[in-house]
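Summarising the annotation, Swiss-Prot assigns FMN binding site to 10-15, 78-80, 113-119, His134. Taken from Swiss-Prot, the feature NAD(+) binding site covers Tyr12. Taken from Swiss-Prot, the feature substrate binding site applies to Trp98, supported by sequence analysis. Marked as domain 'Flavodoxin-like' by Swiss-Prot on the basis of sequence analysis: 4-190.
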Amino acid sequence: MAKVLVLYYSAYGHIEAMANAVAEGAREAGAQVDIKRVPELVPPDVAKASHYKLDQAAPVATIEDLANYDAIVIGTGTRFGRMASQMSNFLDQAGGLWARGALNGKVGGAFTSTATQHGGQETTLFSIITNLLHFGMVVVGLNYGFGDQMRLDQVTGGAPYGATTITGGDGSRQPSETELAGARYQGKTIAETAIKLHG
């Protein structure tokens, strides 16, 4: 049975919700799935004052955890068109895994959130995907089999590079059912690919 890790950073809960949807899709495909988050770098008093969602159920991952999975799906909100520093800091510590080829051939994918439709979704996905390719991973996006990413009747995230959600400038918009369905679809596709490659 393929093992899938959904690894995320979520300051306000939007990416946490997307991570849960990715995991649902991967489980539907028959994979064993774990959801973990990366450590918070913001001091606790600052995070509380900024209304960060600190009560997240997922355990904090370690770098060595990454080697134990057949697929790793990474999600983080955008920070100025690229991944959040918390995720970047975590992945920067994976040099030892890279050096010994521990992630070569694993399946990878990315998902993100932005405040606006044009707030850097694709560049943020690419900032994650670049890491996955350097690690030697096989990248799986959100293919157009998920046709709802082309909807024009509502504000909706989604790109062929990965599932996305739009939060609104004040963060009040939660992932829509269409966006969650995209995350589930991508999670399922990644798990199916991992099962094909790794059994």
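Positions of Cβ are set from backbone N, Cα and C atoms, glycine also.
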Intrachain C-beta neighbours of Ser10 (FMN binding site), sequence separation six or more, cut-off 8 angstroms:
Glu16, Ala19, Arg37, Lys53, Gln56, Gly75, Thr76, Gly77
In terms of DSSP three-state secondary structure, what is the assignment for Ser113 (FMN binding site)?
strand
Given the binding-site residues Thr78, Ser113, Thr116, which one is most crowded in terms of C-beta atoms within 10 angstroms?
Ser113
Around Tyr12 (NAD(+) binding site), how many other CB atoms lie within 10 A of its CB?
16
For Gly119 (FMN binding site), what is the tally of other C-beta atoms lying within 10 angstroms of its C-beta?
19
Rounded Cα-Cα span from Thr78 (FMN binding site) to Trp98 (substrate binding site), Å:
24
Neighbourhood of Gly13 (FMN binding site) by C-beta distance under 8 A, where only residues 6 or more apart in the same chain count:
Lys53, Gln56, Gln174
Tell me, roughly as an integer, the mean pLDDT over the domain 'Flavodoxin-like' (4-190).
97
